[in-house]
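Chemist: Would you mind keeping the following structure in view while I ask a few things?
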Amino acid sequence: MDNKDECCSTHLIDGDGVFNVAGVENFMKEVKLAECGLSYAVVSIMGPQSSGKSTLLNHLFHTNFREMDAYKGRSQTTKGIWMARCAGIEPCTIVMDLEGTDGRERGEDDTAFEKQSALFALAVSDIMLINMWCHDIGREQAANKPLLKTVFQVMMRLFSPRKTTLMFVIRDKTRTPLENLEPVLREDIQKIWDSVPKPQAHKDTPLSEFFNVEVVALSSFEEKEEQFKEQVASLRQRFFHSIAPGGLAGDRRAVVPASGFSFSSQEIWRVIKENKDLDLPAHKVMVATVRCEEIANEKYVAFSENEEWCQLEEAVNSHSVRGFGRKLSSILDACLSDYDAEATFFDEGVRSSKRKQLEEKLLQLVQPAYQSMLGHIRSDTFERFKEAFEKALKGGKGFALAARECAESFMSHFDEECTDAIIEQAKWDSSRVRDKLRRDVDAHISEVRTAKLAEVTTLYETKLNEALAGPVEALLDGAGDDTWPAIRKLLQRETDTAVSGFAAALSGFEMDEESRDNMVFRLKDYARGVVEAKAKEEAGRVLIRMKDRFSTLFSHDQDSMPRIWTGKEDIRAITKTARSASLKLLSVMAAVRLEDEGDSIDKTLVLALVDTSSSKSISSVDPLASSTWDEVPPSKTLITPVHCKSLWRQFKTETEYVVSQAIAAQEASKRNNNWLPPPWAIAAMVILGFNEFMTLLRNPLYLGFIFVAYLLFKALWVQLDISGEFRNGVLPGLLSLSTKFLPTIMNLLKRLADEGQGTASGQQPQGNPALAAKSFRGSTNENGEVSTSTTSEVTSENGTEYSSSSLHDKTQ
């Protein structure tokens, strides 16, 4: 790689352990490291000799470290520690290439420089790459375990450890999955950490406190070069913005400013070279440190066992405690005062430091109780807010005003309660709990607001449904030319009424104009939806409605009285009128007409279904052979033209029977009521019977015989019920009369004889002898017996009429 101008590689420490001060200073000027402040990262790599460290760095960071020439044999390439800047990575990243371990050039026993260089790299680096062969995993020497153990141990004593990322780079990965290799490495590192002697302060400190362990695997550079380059390119992306929180170099607690990098690294290397394991403090400081720490531990234990604190802690776990902050501050102050009294004669710096540590531990101990107290205050305040808010709404106060007043009132109450819970020794902020309470309050207000708006909307939608559904159904049932104008007028009137009330109900919510207009628009849209839904529902029953209307108009007259088909009615005209009214109903139901826009549906239906002769003469194309109406959008169509034609055909089929029945009834009525001969027959009888008529006039005695014959014929007509017998047909009538004729004649003669005998015996009542027989009726029972009844009216001299009826006589 030719990145010399950008990488600026330099020999940091030579093979003899000499620190290149001038080279480092020149390097810092070349890369302008001093200008980076804290925005830089240091990466180093360690591993066995000839394991491809320089090759990996050159591909990973685009550096120009010298690589081993495999064709010349395996030998030491990197001596000491080389340093270069990573090309194209932000922030500024410095990479150090360490001399390989376990090299034959230094020999078996000369491992001092390996340990020193590894310790130096761990002390100054943010990220340590540990290069190792895949087949060395699980081995002792080849995996650098002894080296890591020594480095960990010395580092804990010489320097203040900081969190460093240990990235194990497994080279020439085999078929063994990385998921199986990674646990082995992590277990080995944990064992090394557990076996390292640690200072008392870090005796129980876990490995994760000081190191982030990462494991990556790369394919063979020689056998799978392209795959190796792709994996290295992917790994390179992880070093961009490495100092960001959560990045590979995210822990910046002990980072040295870039301007002091040279001096810091010189001092670290000097301490390592001189092997000054400990810098022992003065004796009194050491004594103060030990004794103050003992006193602090005693006071901590005493506080944790304090009866008043235990009671307070137990109480606050279940409910809020009045005066919590004042009580706990008093207990803490007493504990710290006891510490000050016992540690007053020790070194001031140590005493203050241990006091601060004690105070931090005590505050850490009581912090859960403080958080519980804040939690109780928050929950109690929230519950009381909900009750007050509900009460305000029930009292008729506007929603927005009630929400604002209640929220402000109870947030102020929360602040007062938090002030009462403040611990003097702690500077804890309750803003997070306050923000959570505010979010809960806002969420509850939003939830109630949504519910109330839904309730108001449902109320007015119900009112609109009640005000529109029934009237619209009635208007469509009586469909006519003014149906849709009436529906539009009804819709406008009810919508305006509902919108007026709805807008008044929304005023209490203090909504923005756009939201209010949207809700009003949705209400208007709902009203139209009710009308359209009802129209669609009625359109589904249009055939039933058409038959009902036809039946009503055809079977009833203008006074809504049932028609009696006497033979004088014009059935054709009545049928046409009834069908035209039904067709009008179909045209009204065919489309929704909520906009005052004309259409030709009615005219089209009349031309296509009623005036068929004229429509056929005008055009041979069926106007109903379509799925859409002219000037009517499909969304407003309820019944398509094709469907209208089908409905009309079905309607005519189902109503033809009613018309045929009416025609049959009319013909039967004509037959029953028309007993007179034709007019020509009457004229012929008058002309041909003139002589006989004159004979009757000349001899009045004939009139008496004719009158008597008429009475006998009338009596026979009534007794035999001739009109009723012939109602079922001529032949059945003749057969029935033949069986009844002789008994009836005999019965009449007997009655006349009985009447004559009664008159001769003097049984006739006194008074005017003038007797007019007005009616004479007889009937034959099922045994052939004939019963007769006569009614006579008698007129007295003073003009008063009397009537008498003879009893029925039965012939046995």
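Cβ atoms here come from the backbone N, Cα and C positions, even for glycine.
Note that the structure is a prediction, hence the values are computed from the model and not measured.
The annotation GTP binding site is assigned in TrEMBL to GLY47, PRO48, GLN49, SER50, SER51, GLY52, LYS53, SER54. Positions annotated as compositional bias 'Polar residues' by TrEMBL: 758-767. TrEMBL lists 779-801 with the feature compositional bias 'Low complexity'. Per TrEMBL, domain 'GB1/RHD3-type G' is recorded for 37-252. What TrEMBL records for 756-812 is region 'Disordered'. The topological domain 'Cytoplasmic' feature in TrEMBL is assigned to 1-676, 722-812. Among the features that TrEMBL reports, transmembrane segment is placed at 701-718.
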Chemist: Starting from the Cβ of GLY47 (GTP binding site), draw a 10 Å sphere and report how many other Cβ atoms land inside it.
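Modeler: There are 25 of them.
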Chemist: So among the binding-site residues PRO48, GLY52, who's got the most Cβ atoms within 10 Å?
Modeler: GLY52
Chemist: Across all the protein chains here, work out how many other Cβ atoms are within 10 Å of the Cβ of GLN49 (GTP binding site).
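Modeler: So the number of other Cβ atoms within 10 Å of GLN49 (GTP binding site) is 19.
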Chemist: Taking the Cβ of SER50 (GTP binding site) as the centre, count every other Cβ atom within 10 Å, in any protein chain shown.
Modeler: 19
